[in-house]
Amino acid sequence: MAKYYIFITGGVVSSLGKGITAASLGSVLESRNLKVTLMKLDPYINVNPGTISPIQHGEVFVTEDGAETDLDLGHYERFIKTKMSKKNSFTSGKIYSEVLKNERKGFYLGSTIQVIPHITNEIKKCIINAGKGFDILLVEIGGTVGDIESLPFLESIRQMSIEIGKNKILYIHLTLVPYLKISKEVKTKPTQHSVKELLSIGIQPDILICRSEKNVSKYEKSKIALFCNVPKQAVFSLKNTNSIYKIPILIKKQGLDSYVCDRFCIKRPEADLSKWKEVIYKQKNPLGNVNIGIIGKYTELPDSYRSLISALEHAGLKNRLMINIQLINSKKIESLGISCLKNLHAILIPGGFGYRGVEGKIIAAKYSREKKIPYFGICLGMQVALIEFARNVTGLSEANSTEFINNCKHPVIAKISEWNKSINYLNKSNISSNNYSTMRLGNQKCHLTKGSLAFKIYNNSIILERHRHRYEVNNIFIEKIKFSGLSVSGWAYYDNHKLVEIIEYSNHPWFVGSQFHPEFNSTPRNSHPLFISFVKAAFDFKNKNI
């Protein structure tokens with residue numbers, strides 16, 4: 001188990017930024033030479049977010065070991081050095097599924113299965129496993145205190161203070177302190193009621209973090225401390241900011257990390273946040289800007305592409321450029337045409353599932369190829385680029401994916417089983433199963449072709465990148481497409497078989513498609529080489545076409 005546990009709950013409203021707050025505090029504690037990890041506990045009944053609509057829930061973040069998790073795990077990886085895994089993300093559905101599986105196997109010896117103790121014991125077991133080998137485990141409890149779904153998780157963390165010891169447990173409650181513009185004052189009553197709700201469950205928060213449009217004054221902090229039964233010095237303020245990367249600095253400035261260390265009697269050097277200060281400086285002082293269009297079908301909710309947007313921002317920091325991101329719905333392109341793509345310096349088509357909006361993406365890929373606008377296709381974005389090329393350059397006029405048309409004449413994209421019948425091959429491809437189909441998930445090796453653009457960008461012959469897809473480029477059509485000018489610069493090998501990982505078009509300044517998701521490996525302090533190169537190509541295109 002971890003030496004110490006910090007549990008972070010949220011009150012008043014949802015979407016207060018518990019994940020970013022937890023990740024930021026973790027980053028500052030990590031800078032004090034502590035070994036830190038994080039964990040997300042989600043109250044919803046889905047086993048994982050893999051089948052939830054991105055419009056409802058945001059993106060699915062994929063870990064190295066292939067877990068489909070909440071987008072907050074992406075924030076965790078972007079703020080701390082520790083990589084997340086399947087043990088860092090649990091939902092009510094996953095917990096209940098494990099308990100029911102154990103019951104069927106007879107593990108409970110005929111006991112009546114109940115929320116207490118069976119569900120709560122399983123939750124505690126998962127928390128302890130996630131913290132093994134670390135100094136501090138920060139656990140974010142999803143949802144809002146008062147929600148019926150989160151009660152088993154709150155009961156579990158209450159029990160842990162008794163079983164492990166209060167000196168090793170810290171409860172942080174993140175709450176909203178609304179600012180009323182009419183009266184020009186902040187209101188503390190919602191926070192008082194939220195803490196009262198937490199107390200009714202048996203949890204006394206040790207620290208309160210107040211989210212507000214304005215800084216919470218000393219008087220207001222004293223009032224909150226008095227009525228919420230916490231010391232004045234344990235009430236902290238986090239006002240709205242224009243950059244999430246300022247949060248570690250704000251936390252350090254207010255001494256939250258020092259308060260945590262003092263509470264746990266930890267003696268460590270002061271945090272060195274010079275890297276974060278460098279990030280903020282570059283963000284505030286760009287030397288130029290570029291317009292990049294993300295062509296997708298979940299554009300109503302930017303969080304559907306959270307890691308992607310972040311990766312572009314990270315590459316902007318590296319290139320000292322401000323990235324003006326335009327989220328363009330591909331259905332709009334189908335109805336209005338390429339007029340939606342004017343004034344873009346680069347086009348990026350991300351991953352996705354289903355036929356809706358695909359033809360709009362194909363139009364965008366064609367426009368990018370013909371106008372020599374830098375193009376980056378990720379997962380489905382690579383596949384639509386290949387479909388477009390096969391149709392309009394190779395001459396396979398009915399090229400398509402069997403995901404969209406089962407019996408298409410030229411299935412240039414298909415499931416492996418549709419063009420390779422080797423059962424052993426499927427078993428060796430590190431394909432994980434769910435209730436719906438098979439997918440390649442998590443880290444996979446990719447071998448790069450020497451002399452290719454991809455090889456130059458990575459400066460390596462073998463790379464590891466994360467995948468989340470079930471359809472592949474159909475090898476039957478590869479030679480014909482390559483003969484037309486599209487090259488394959490990255491391959492995944494399984495026994496004597498291989499799968500396309502990266503495509504390039506040499507008759508173009510920058511035209512790259514990757515079957516994997518490089519955005520999951522980008523951080524503000526270490527941006528991904530593919531995105532760095534892509535953003536630079538966008539700036540070069542802008543300067544060339546002034």
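Cβ coordinates come from backbone N, Cα and C, glycine included.
According to Swiss-Prot, the residue from Arg263, Arg268, Arg466, Arg470 that belongs to the L-glutamine site alongside Gly352, Leu380, Gly381, Met382, Gln383, Glu403 is Arg470.
The annotation in Swiss-Prot ties Ser15, Leu16, Gly17, Lys18, Gly19, Ile20 to ATP, and of the candidates under consideration, Asp70, Asp72, Asp135, the one tied to the same site is Asp72. A 10 Å radius around the C-alpha of Gly19 (ATP binding site) takes in these binding-site residues out of Glu140, Ile148, Thr188, Lys189, Pro190, Gln192, in sequence order: Glu140. The recorded positions close to Gly352 (L-glutamine binding site), defined as a CA atom within 10 A of its CA, are Cys379 out of Ile20, Pro190, Cys379, Glu519.
Taken over all pairs of the listed ATP-binding residues (Ser15, Leu16, Gly17, Lys18, Gly19, Ile20, Asp72), the Cα spread reaches a maximum of 12 Å, rounded to the nearest whole number.
Put simply, His517 is the one of the recorded positions Thr188, Lys189, His517 whose Cα lies nearest to the Cα of Leu380 (L-glutamine binding site).
Long-range Cβ neighbours of Glu140 (Mg(2+) binding site) (same chain, at least 6 residues apart, Cβ-Cβ under 8 Å): Ile8, Lys18, Gly19, Ala22, Leu38, Met39, Lys40, Leu41, Asp72. The local packing around Leu16 (ATP binding site), expressed as other Cβ atoms within 10 Å of its Cβ over all shown chains, amounts to 18.
Neighbour counts of Cβ atoms within 10 Å were taken for the binding-site residues Gly17, Gly19, Pro190, Gly381; the minimum is at Pro190.
Glu519 (active site) and Ile20 (ATP binding site) are 18 Å apart (CA-CA, integer value).
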